[in-house]
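Peer 1: Dumping the structure here so I can ask a few things about it.
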């Protein structure tokens, strides 16, 4: 089906294989595998406590997984095993960037500085690890200018250009969320992981966010997002993976997942027999899986 | 009046030295939330490095111009002391990062003892003199200001400016401030946090080495125990100015220097340290975060 509508064969950017994460006796993630394709928005959904954030934490180096392999393939063909990289290398070498459910900006730094920290490695190199930069070499000046241009570009995208010199902590909640995404993008990631980007946003802000995320995808960055807001998930995702109790229960297009009885059961908490009933009804086409 | 100005000049000189050392305390505290009690001994080590550099220079290159000798002493002391502090951070503090809060503190006290004992054993327990290098003295009325004092204040000012520039305007400084606020997040944005912390230790040590060299020049002797009292004073300066704040450290250093010299001039010299610490106590009662320290606002 995919070949019929889409002649371009999509390359895998992130491959998670047999991921397991144990906290003491608790199996938070149990043999979880999925793939995220390059240039797509992949959504990871599931009820509270399903282990979505744990998966993110494994991908971005917060946790060392108990078992499993996380392979990231960059566009130049190089592959990295994320679980073996040091924390800063996940971003610097593998090109993975992330945001948090609870905002983690450098609130004492200005908005612009937040975006410049994200370009640290480029600037450090250009400034000859500070020493040459202090001498004011032209190469550093050009790099500094480029960094500011890149920051400006993302500030405009995130609609924050007027606030560039304000402390990041002074921004409103919605603006802080957009700044976090802009900051993550300034590291030049190939894969951007967003942990509940729409949490706490009002419907209007939510729409702006959708546009921002689509824009990011269209510029070639792949996205992986955790989201509760189904209007966001169904609206923008190309691919949805559903997690419950640390295990994958469904994987496919938004439409496929929306109508998957297991997913409906997970979200509405239906008895097993009822699942069977619904499955039967679905076969007869009497139930619309509209609201999940 | 002249007497007062004279004491002001003396206090400023002493305060510059305290201020330079205080920056090391405040930076390390800012970035990893740890009081590096070995920093006073790093300062002492800086003095010894400068002394040894001086001896080598005068032995092998007799007749070297004083200005060049001083500059080389400073540079060598900064490099050597930076290397020492880098090593200490690497072997004694980094493995304990993420351990319980008291562990690095206890290690720091341990390192302080190790350093002063190391110098005592290798350099001997007696104070080592250095011949006066800069002897020019200027008289303005009844006020005597030595070239030494002027040099100390000028070098301190230049270094402070350079330092301020690095912290506020360069990518390195930005990374330091980001690491200070959220270490994990900085790492996720590609900042090599461990390296940034190491550089912070090296920078603090370099400033302490300059302070040590100037202390050596000012008093003419270096002793293995020199790290303790000035170290405690510099720490006090950092707390007085507001720990974590760079301008605060300098301000605190200057204040402590001034309090000390003015108190010795007008009251009892025996009680100068009591006066310093009394003022610290009073300031902290009314302003617990220090003079320029920011109160930590917790957003709920």
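Every residue, even glycine, has its Cβ placed from backbone N, Cα and C.
Annotations in TrEMBL come from automatic prediction, not curation.
Features from TrEMBL:
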TRANSMEM  B:12-36  transmembrane segment
TRANSMEM  B:42-61  transmembrane segment
TRANSMEM  B:68-88  transmembrane segment
TRANSMEM  B:100-119  transmembrane segment
TRANSMEM  B:150-167  transmembrane segment
TRANSMEM  B:197-222  transmembrane segment
TRANSMEM  B:234-259  transmembrane segment
TRANSMEM  B:265-286  transmembrane segment
Peer 1: So if I exclude everything within five residues of the ends of the transmembrane segment (B:265-286), which remaining residues of that chain have a CB under 8 angstroms from its CBs? That is, six or more out.
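Peer 2: Those are 3-4, 7, 229, 233, 236, 239-240, 255-256, 259, in sequence order.
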Peer 1: Going along the chain, which residues at least six beyond the ends of the transmembrane segment (B:12-36) come within the CB cut-off of under 8 Å?
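Peer 2: Non-local partners: 42-43, 93, 97, 104-105, 108, 148-149, 152-153, 156, 159-160, 163, 176, 179-180, 183, 196-197, 200-201, 203-205, 207-208, 210-211, 214-215, 218, 230-231, 233-235, 237-238, 241, 243-246, 248-258, 260-261.
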Peer 1: Against the transmembrane segment (B:100-119), which of these stretches has the most C-beta pairs under 8 Å: B:42-61, B:68-88, B:197-222?
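Peer 2: Of the candidates B:42-61, B:68-88, B:197-222, B:42-61 scores highest.
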